[in-house]
Structures are given as C-alpha cells and as structure tokens.
Amino acid sequence: MENKWFLSMIRDEFRGGKINLEKTHKLLEKLDIQCNYVHVKSIFKDNDRLKQGRITIEEFRSIYRLIAHREEIVEIFNTYSGNQKFLVEKNLLQFLIQEQYILDMSQNIAFEIIQKYEPIEEVKRAHRMSFEGFIRYMGSSECLIFKPDCGRVYQDMTQPLNDYFISSSHNTYLISDQLLGPSDLWGYVSALVKGCRCLEIDCWDGSQNEPVVYHGYTLTSKLLFKTVIQAIHKYAFLVLKFKVLVRNKKIGTLRETHERKGSNKHGQVEEFEEIYQDEIKGSETLIGSEDNPGKEDEIISVAGLPLFKKRKVKVALALSDLVIYTKAEKFRSFQHSRLYQQFNESNSIGETEARKLLKLRAHEFVLHTRRFITRIYPKATRTDSSNFNPQEFWNIGCQMVALNFQTPGLPMDLQNGKFLDNGGSGYILKPQFLRDIKTQFNPNKPPNQSDPVTLTIRLISGIQLPPSNHSSSNKADALVILELFGVPNDQTKQQTRVIKRNAFSPRWNETFTFIIQVPELALMRFVVESQGLITGNEFLGQYTLPVLSMNKGYRRVPLFSKMGESLEPASLFIYVWPFNLFGTKYRTGIVCRVPF
C-alpha cells in the first residue's frame, strides 16, 4: 500500500525519464519532507550512479528513504507496531502516553493525529497510521522540545509591574558600536519584533527645534525623534495592550503632576538638582546618558567610596508629567532605598556596580528588586556593543536587564530563550521566591528548603545539521554541548563525543543527567559545533529555552544561527525524562512513571 502511494505521488515527475537535482529537491518538498539543499546535493551525487546529473525513479526512492526513513524513528515505530506495517489507534495512544507523556488527552487524540498526518488515504480511512504518517508526526511542531502551552500568554498578568522580568534593550537605536556606528530605525523595529518591551530613546536638541536621537557626545549618527516614535507606533502594538510607560527624570510629586493635568505646558522647562553616585574605578558613566556627570557637577561627598555628586538637570514639564509609574531615580544604597524610595521610582545600575552588590549583598539585592524596578545596563567600556551574561541579574530578580540587541552571541541566546516563555510577550512573572515579602532567597547559597529536580536527557541524533564552512560537501565533525544556566550552583555543561565527517545524520545515543536546585530560573542551551583542532571549534547552531518549558518524551530541538535565524530542518533528536524528585515525583508533586 505504501509503495502504491509513493509511486502515485512521484510517477508523473518521471514520465520524461530522469530528473535533475533541482526537480529532486522540489519533489521531496512536495512529499512534505523538509530538506537542506546542501545535503540533498551531496546525497544526489552519491546516488547518481552514471554521474550524468540526472537520476532514475529507483535512485530517487533511495534518496527519499535515506532522508525520511531515519533508523532511530524506524526503531520507535517497530516497537509500538509490533514490527507490523501500521499503528492502530490503540498502539498510537500507548506511544503518546508512555513516551510523549501526554496525560491530559482527549479520547480522540490518536484519531486526530492520524487524520492530520497520515498521507495515505486508505490507511487513514482504516484509522491506522503508516510509517509515512509517523515520520510526519514526529517531524511536526507537535513534537518540538518547547511546550506549546508556553507559547501563549498563560501567566497571571495582573500583578504589579515589578513582579515581572521585562525584555529590555540598551541604546536601542544603535545597530553597531557605541561610539562611531550608525543609529537606525531598524534597531527599534528588530527589537520590537523580538519581543522587547523596554526601549531606550536618548533625546537631544536638534536643528530647527527638531529633537534628535543619538548617543550623545559621540560620532554616532542621528535620527529624528518623530521618526523613532512613528516606527514604535507601527510595531509596538502587535501584541501589547496599547499602553506605554515613559521612564524618565521627573519634576515634583505625583500630586503636583495631577494638579497640572489639563494645563498648557508647551515650552515650559524646569531645572532641579539631582544627586547621583559616581564610580571612581571602572566607571559606568556613558557620556550624554542619564549617568553622565555633565559640566555642572558639584562634589558633595569625598569621604571614601561610593562618591556622590550633585548636578543640575533640565526637564520639559510636559515630558515630566508623562512619567507616572516609572520615575528614574539614582540608586544610592539599599538602605537609602528602604527608607526613602517611593513605589513609582526605579533605578538604573551599571553592570560592574551591580555585580559587586550581587557578590557581597545578594539577599539585600533580592529584597530591593522585590519592591523596586531595577534596570541593569552594560558598562561604558563595551564600546563594541558586547553584552554581559544576563542570567546573573535575573537570579536576583532584576526586572530590566538591558542588552545590546544588535550583538549576537551567548547573552542574546539566553535573552531570546528566556523570553520564549509566556507567549513571547516580553513579560515573565518572576518566581514566587523573588516576589515574597519574607523571602530568604540568595542565589549564591543553596536554598534552605531545597527540592532539587533531576533532568535526564538522551541525545539521540542530529538531523541535517549545518555543514562546516571548512567542508566542500555536507560534512562536519559534529559534537553537542548541553549548557545549564541558572543560579551558580546549577551552572554546568556536558558534552557528547565527536562524530567524524557527518553533519547529515550523526548518532550519539548518549545520556546526560543534571541535578537542578532552582529550576524556576534555569535555562538549557543546546550548542552544536564542528570540532576544530587548530582554529578551535566552529559554531553550527544553538537553541535555548527555560528548563520548565521543556516537553518530555521524544522531541526535536530546532537550531538557530548565530544571528538568530532558523536553520530548519536542522535539529537534534532527543528524549527527555520527566523531572523527578528522588526518582518518583515531579516538582509539582504529581506522581509519574520514570522510564527504565
């Protein structure tokens, strides 16, 4: 039956005889088999026995089976079909329960899957699934590692703003370095498309009373403020509630703002004195930013560190009155904030100072971020727009960890992975222990009431991995690194052995176990590399996601390039066991079956 179906699907393409590489590729896509052209080209060459650049129908069948009928999938199918040609609904249901851990399923789920993925009509009508249907189901989005429930907004979105991690960018208008590079609207567009919810707009006086946006006192190019606002208006509300909070310096109190409501403030500018902290060593100061001392600085304390200064600041009254819930207030100390900081005041802290506080006073830092929105920004020496690791600041509850979105690499992989959760909305509800008024949480110490979970992953194989740039065909000396990010005690990495000269279908069948103290903050990063003995390993692709957003069972891990572009169909094939506590429970307390 499968043979009859297969011939019916491809016979017309061979009426004129043999077909070339391009037609082979298109025919595979017609059969719903995703293929990387580089791999198809190499396999085509190997199966073109006469080396004429054209293949017969039998040679095409060999190519199809090599790409679609992967051995590891055949083994699973044979296990549940009893080495028969078909899965009946009962067998498929058994697979879904025992291997995919789909426990809250409807009675018709096996029927629905067959109807959706089985390509052979006679088999579908008989309520069966052939291997052709099974491979299409296993390659579908339903078998991805990322939980579909996490792909929608499912968290409580009614809590105070300081209870959320917020996707945040730094100097959003820059698309290159921090000193000489261009400012571009694409910085705002791309950040918003990636789910960024905190944009930075540095406004300066321009010619002809037109405000401009650029990195002040540098040679970066300028954008008109109005075009920036227009771009934000176009892209910001694709998934938002049509509301904007302005974070800026503010004149006076909320009561005074309310009393001015409705009055004409056009052209009114007020001046006030501001206290701020200056770092003597490793200064975080960015010229022209909110952290720049300016010309009218007056030193008001020189008795050791930290050093505080005073400066005069001019703010347009109309802009000031737009600032309600997110007034920018200089951070002085945790004690000062406890005594004097208001609920609507937020702080910006440079990464160097924040890291010092994290190491010495982590618990106080957690208590601070429980009450006040805290933004962490890159140090001034990152003129190349490099990024710090955001995980260390998420660990202490910092809401706005601002990164240079234009710079690819590990920090942005973590950023993109973390904010996959909650529907990619850019807001993630912080764990309860970072919101609790009586929290004792300290990321630098193991939790007192720790209930660690065990995460076990079997890395089975690679699927059409990107070939090495150093290979003239589809080869790579492939290896995979599994990196766990979270609190310091959880951070670890493990690595597979190297499979030589195979990017098409490397098989590892290696099992890795991770003991995770704080899974609520943990991210898992899969990195695929090609081993290089002289120049170092070559990056081929990666995927990052929250540990608690991982599906269980046989799953496909999609891969993305260094620039964040999808590399489909390149992926990893893995098996994930349910999290277990002492081998018998989920962290939530649900008793589960632990395989083997």
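Keep in mind that glycine also has a Cβ here, set from the backbone N, Cα and C atoms.
As given in TrEMBL:
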type   : residues : note
DOMAIN : 35-70    : domain 'EF-hand'
DOMAIN : 319-435  : domain 'PI-PLC Y-box'
DOMAIN : 435-561  : domain 'C2'
Field: Tally of DSSP helical, extended and coil residues in the domain 'PI-PLC Y-box' (319-435)
entry: 48 helix, 19 strand, 50 coil
Field: Tally of residues which DSSP labels helix, strand or coil - the domain 'EF-hand' (35-70)
entry: 23 helix, 1 strand, 12 coil
Query: Taking every residue in the domain 'EF-hand' (35-70), what is their average pLDDT?
result: 96
